Amino acid sequence: PPQALPCTQLLVFVTTPDCDGFPSLDSKESYKLSVSEGSLLLSADAVWGALRGLETFSQLVGRDQNGTYYINKTEIVDFPRFPHRGLLLDTSRHYLPLRAILETLDVMAYNKFNVFHWHIVDDPSFPYESSTFPELSKQGAFNAMSHVYTAGDVRTVVEHARLCGIRVIVEFDTPGHTLSWGPGAPGLLTPCYSGKHPSGTYGPINPILNSTYQFVTSLFQEVSSVFPDFFLHLGGDEVDFTCWKSNPEIHAFMKQMGFGEDYRKLESFYIQRLLDIVSSLGKGSILWQEVFDNGVKLRPDSIIHVWKSSKPYMDEMADVTKAGYQALLSTPWYLNRISYGQDWMAAYQVEPLKFEGSAKQKDLVIGGEACMWGEYVDVTNLTPRLW
Amino acid sequence: AMGRAVGLAGLLVGFFLVSAVLVSTSLRHGAPRAEPGPESAEWEDTSGSGPEDSLWPLPQWVRTSRHQLQLAPDRFQLLHGAGSSAGPACGLLQDAFRRYYEYMFGQSRWRKRSRGPLGDRAAPELLQLQVVIESQHSGCHSYPHLGSSEAYHLTVTEPVAVLKADEVWGALRGLETFSQLVHEDGYGSFLVNETEIDDFPRFAHRGILLDSSRHYLPVKSILTNLDAMAFNKFNVLHWHIVDDQSFPYQSIYFPELSDKGAYSYNHIYTPSDVRLVIEYARLRGIRVIPEFDTPGHTQSWGKGQKDLLTPCYDEEQPTGSFGPVNPILNTTYDFMTKFFKEISSVFPDAYIHLGGDEVNFNCWKSNPDVKEFMKKQGFGTDYAKLESYYIQKILDIVSSYNKGYMVWQEVFDNKAQLKPDTVVQVWMENNYAHELSSVTGAGFTAILAAPWYLDYISYGQDWKKYHSVEPLNFPGSEKQKKLLIGGEACLWGEFVDATNLTPRLWPRASAVGERLWSSSNVTDLADAYKRLTNHRCRMLRRGISAEPVFVGYCAHEAR
């Protein structure tokens, strides 16, 4: 074969660098790659596109049996179909050491994912070290000395992600999924009642107290400054009304507010105030679908995250986008639900836009997320289960 | 465990049972023991966060007390006791002493320990664990086998604990148990409760099947797995070493088999690799039973051994593809004679697994020479007869090398003539209890794998279903039930290699391990959950990346 011409440089042109900025939903990830005799050119509008192009370039480089590296003449024009391509990790059901998170970010970059959805706290444990409320992790982490994410850890994750063109969207899921918040924030959770007396157990965040909203404001103030992305994920899933129903003060409040027996109205009351708080902090909100399903009054720029399989998820995607909200799809991508065989095929064959709706509606689907919930996952099996 | 009975009634029952056990154990161990005296009132219920909360598998008989003894890492010794038939020349035990010392005290090596008295908590000190091998033939320099004794008796009292076993295999099991009793308190002190344990396995064959053909498994991953097996008292590595997809076994007589049949030169087990695995296993009381599965599952053999496999035909023409081993050629049996001569000498275990599963008859049916042979032999169109004809010849070859053999159930189902000491492995899930009845009813030994295919992963705590299997739940006489000698957890390799082997096998296989070792009445899943989660954290500490059982954490894992 003719002697291959040596290529010594890959030239990277970026129109609008913004090297020190953070990626966002609107970031341009498109790039052009041109490989020909004596010329290797990667051009992109933004650094984020350059990162994507570098990954592609690295996938084109081969090595022959003599050990020589080579690349074929190639022309690539590339851009993502969906701007939000995320991965959820759950660090509450099991603590994940920092190295596991950083390794995951690296592999995400190899696969052109651009959102790390950090489901950082939940019922079982609270590993996030808050500077405003240090007791939260002191009382709520599995082990307050070892199984925590310090402010330094969080900074490391955010920066490592940034360098890979990955946004970090943190989720502080409320008002349900908050049992671990209780020990470090007395009075935050609703005391459940057994007949006339407190049973000693707790339920979701107590939506009727002013102290709740003061707490939430302070916490989210801190979270908003620690996590630079415009969006925060506020959760809002699986709120069990049983505890609220058992509590006499809440009962009284329901009466006072004219909510009747419809506890979804109480949930809505909480969420709306939460959304206002978060908005006033200059952040956007992403919420699990229940918030939409339960008729909560949302802000028009709220993003709804579809995850439930109780009704065909494509119907939910249609409903959410019909109502004018942007949607994220996760339902068919719950990677924690393992099964025997090549299940990657089922995930691959999902078509996110396969629902009845106008072109305008379909534009509201901004992407999706693969979710790796942590009930059965920690650092021992995370990587082979995910990839 | 009987020692946990609560209350006076329980104590009395316990007394009675203890005496009964002592009578039977004295028959195994020689001299009868003195019965427990008045201080037995101290042996009360220590459940809660008790010392047996991390025993796995649960021993046959455990009695603990609240009395704790302290161990000082730089003074504590594991050594041979007086009267033991094993001594410092017993490499297997010397190795085990060092290994278990490391497991117990490993992390704390960096802490300075004074040579003075141990703190002012004044718990008495346990200075030694003495290991006494009681049988003349300790087994030190031999290989474990189906009839080996794995029973042991452990007494932990001050100042010296004693571990008695017939053979070194029991001592290995006892050391593992002892290491599970030693725990660290909040101050970093090593403690052990006064304990007495009498233990032996319910089933003699407790195996793990690994498949190194669908994916090559680096030697390191096999050795790590042998460590994990020892932590769980497994005693057989069923090495399904070759199959259709690749032939990684480097044969001395037939080097072309792996030259042409392995995935690559890097995906090979050299004779030295094989020796390493066998010896590493031996030191842990684990038998290595290789499986060379024929006549099916042999595509990779054909690459390096011309004319071994049956050429398939389409009408009158060979298609270029091949089927199972060709049973009609003399060359086939010449090859097998030589090949199994090598295998018989390379693998010291008394048994070789010969496979015999899933033989697809289509290729044989298409081949005119085979059809001709069927006619001549009077087999009609019953290809199971041809399969049996082949198998029998292989069985005879292997027998001539004084090896026993294990086969998959099809060999029995298709009515081949088996030697009486053949072990039949029941693997088909559908109605396996019925198959167990048939196999044992025909007088053959059986091992159970059907409910324990761990490669079949699913969401949730599937360890529970593995733990809940009762192998003897099949219709049959007492005599028949005795023929079920154990079982195996199988991890077929279609979707498994070194990247996910350990977390996929462990701790799920641990559930199988307890079912095969412990008494049939160890079925409380809530108690098992507690012990299993502790056991899993311990495996993590010892370098086994066992996956989580459920939500939670282990202290030593945050980095």
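Positions of Cβ are set from backbone N, Cα and C atoms, glycine also.
Copied over from TrEMBL, here are the features:
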- B:E358: active site, proton donor (ACT_SITE)
- B:C90-B:C140: disulfide bond (DISULFID)
- B:C312-B:C363: disulfide bond (DISULFID)
- B:C537-B:C554: disulfide bond (DISULFID)
- B:55-181: domain 'Beta-hexosaminidase eukaryotic type N-terminal' (DOMAIN)
- B:203-519: domain 'Glycoside hydrolase family 20 catalytic' (DOMAIN)
- B:29-54: region 'Disordered' (REGION)
- B:1-20: signal peptide (SIGNAL)
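Feature map: annotations from TrEMBL on the structure.
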residue: B:C90; record: disulfide bond; CB count, 10 Å: 22
residue: B:C140; record: disulfide bond; CB count, 10 Å: 18
residue: B:C312; record: disulfide bond; CB count, 10 Å: 17
residue: B:E358; record: active site, proton donor; CB count, 10 Å: 12
residue: B:C363; record: disulfide bond; CB count, 10 Å: 21
residue: B:C537; record: disulfide bond; CB count, 10 Å: 21
residue: B:C554; record: disulfide bond; CB count, 10 Å: 23
Spatial neighbour of B:C537 (disulfide bond) that is closest, considering only the recorded positions B:C140, B:C312, B:E358, B:C363 and their CA atoms:
B:C140
Given B:C140 (disulfide bond) and B:E358 (active site, proton donor), what distance in Å do their CA atoms have, once rounded to a whole number?
40
Give me the Cα-Cα distance between B:C363 (disulfide bond) and B:C554 (disulfide bond), rounded to a whole Å.
54
Alpha-carbon distance [B:C312 (disulfide bond); the residue listed as 'active site, proton donor'] in Å:
17
Mean pLDDT across the domain 'Beta-hexosaminidase eukaryotic type N-terminal' (B:55-181) comes out at 91
Reduced DSSP state (H/G/I helix, E/B strand, rest coil) at B:C312 (disulfide bond) is strand
Residue pair B:C90 (disulfide bond), B:C554 (disulfide bond) - Cα distance, angstrom, rounded:
36
If you measure B:C554 (disulfide bond) to B:C312 (disulfide bond) at Cα, how many Å is it?
56
So, by DSSP, how many helix, strand and coil residues make up the domain 'Beta-hexosaminidase eukaryotic type N-terminal' (B:55-181)?
34 helix, 33 strand, 60 coil
According to DSSP, B:C537 (disulfide bond) sits in helix
